[in-house]
Amino acid sequence: MNDTDPALLYPRHLAVLRARADEALARSGHDHLLIPSGRRHYQAFDDRDYPFAVNPHFKHWLPLTAVADSWLAYTPGQRPKVIYLQPRDYWHVVPDAPGGWWVEHVDVHVVRTPEEALPLLPGPAARCAILGEANSALGDYAPNNPAPALDYLHYQRSFKTPYELALMRMAQHRAARAHVAAEAAFRAGASEFEIHMAYCAAARQDATEVPYQNIVALNEHGAVLHYTELDRAPPTEPRSFLIDAGASHCGYAADITRTHASDHGGEFQAMIEAVDAAQQAMCAAVRAGADYRQLHLDAHLALMGVLREFGVLKASPEAALATGVSAAFFPHGLGHPIGLQVHDVAGLAASDRGGSIPRPEGHPYLRMTRVLEPGMVVTIEPGIYFIDMLLDELKGDGRADSVDWARVEAFRPYGGIRIEDDVACTEDAPENLTRPAFAA
Ligand code: GLY
Ligand code: MN
Ligand code: MN
C-alpha cells in the first residue's frame, strides 16, 4: 500500500474513526457524535481575536485547521456530514470552498452563517455526544463532553493510522528544513530573533502556525527550559545554540530539538555528541511492550553517565538518581505523546475507560507513563542543563559532594543540551520520524 499519499490513505483512516465513534457512542449512550470546529476567542474588552485553534477532534476527521463555526456530525451507519461555514464577509479572507481528498467521502453542506448549521444538526440535542469547548454551543447544542466517549477516543487517538503517520512525516520535513536554516543563521552570527525569523521563513509558517512557541536560546539561555524571549541583539560571544522548534502539517505537529556549539573541537561539542549518542540508544528502545516510565528512568542513568564521563558528576549514576541529583541536571520528562497536539492527550491514561498511571515518585513532569504499543508516536528528548536555581539547591542541602563545581562552572556558559526526535513505535524496530527528514 502507498504509505505517502494522504488521499489514498484517508478512506481507511475515516473507517477507523467511524469504528471508534461507534464504540464511543455505545459507551456514552448517545445516537450521534457532533464535533464543532470551534469558535474564535476574543481578548477581554477588545475586538482582537486570539489565533484560532481548531478543536483537535475536528482536525482528526478532516485536514481543516482554519475553519471556525463548522461541524462534523456522525451517526452510525451513515456517511459523516460536514457543515462548513463559508461566511459572506468582505473584511476577511473566507475559507476556500470545500476541496481536497476528504470531500468525496463525506456529505458537505456549506452554510453562510453559524446559525444556519442548526437545522442541519441531527437531533434531538440530548441524544448527541458533543465534543468541544463551551463557547461552541449553538442553540440547544451545548458541548457535553461525555467522559466515557472522551476517555475512549483520547486513549485510541494514541494509535496513529497510516494516514496520520504520513502527515506527521510531512511535518517533520518542514521542520527539518527550518532547523537547517536556523543553524546556518546561528553560524552567521544572528540574534535569537533573527534565527527565529530565519526558521519561520524556511518552514513557511509564522509564529501562529507552528505547533508551539519556538525556543531559540543562545548561550546561558539554553538553561531556561521554555525560553521564548528572543533577544533582538546577538551576544558578543555566541558559544551555544539550543533550538526546540516544530512545524505543523494538516494539523499534525513535529517537535524537534537540536543543540549546536560554535566551537566544533571543544568540550561542549563533545558533550553534545555524547548526549546525541545516548539519545539514539533511547530512541532504539521505543519498542512495543516497553514501559515509558522505565525509559525515563533509564535516561536518567544514561545522562548521568555522560556527566560522569565529563567530570561533572562525582557520584555514580545510580546514586545520583536515588538522591535526586540527576533531576537537577535533567529536570523534565523524557518525552510525551505527539500527534494532533504537540503534547498529545492520554499520556497517563490507564485504559480507554479512564484512570491514570501515576508518574514515578520524584518525577512530576513526566507526561507519558504508558506501555508502548504499535502505532504510538512519542518524543524522545533527553537533556542536560546547568540551571543555577536547581544547582543552588544541591549546594544548600548536603548533596554538594556529588558534583565537581569547577566543572559545572566550565559548562554553565553554554546553558544546556537537549536533543529531541519524534519516534513511532511499530510491531518491530521503531521508526524515527525525525532523522530521515534531516537526511533528505
Ligand atoms: N517543545 C516542547 C516540548 O518539547 O515538549
Ligand atoms: Mn520540543
Ligand atoms: Mn517535546
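Cβ coordinates come from backbone N, Cα and C, glycine included.
Just so you know, TrEMBL annotations are computer predictions that nobody has curated.
Just one of H154, H173, H196, H336 is listed by TrEMBL for the same Mn(2+) 1 site as D255, E381, E420, and that one is H336. Same-site candidate for Mn(2+) 2 binding, as annotated by TrEMBL with D255, E420, chosen from D244, D401, D404: D244. Of the chain residues outside the Mn(2+) 1 site list D255, H336, E381, E420, D244, I256, T257, G335, I338, V342, T379, I380, D421, D422 have their Cβ within 8 Å of the site's Cβ mean position.
Break the domain 'Xaa-Pro dipeptidase N-terminal' (9-155) down by DSSP state and the numbers are 51 helix, 26 strand, 70 coil. Neighbour density for D255 (Mn(2+) 2 binding site): within 10 A of its CB lie 24 other CB atoms from the protein chains shown. Counting in whole angstrom, H336 (Mn(2+) 1 binding site) lies 14 from D244 (Mn(2+) 2 binding site) by their C-alpha atoms. Cβ neighbour count for H336 (Mn(2+) 1 binding site): 21 (other Cβ atoms within 10 Å of its Cβ, all protein chains included).
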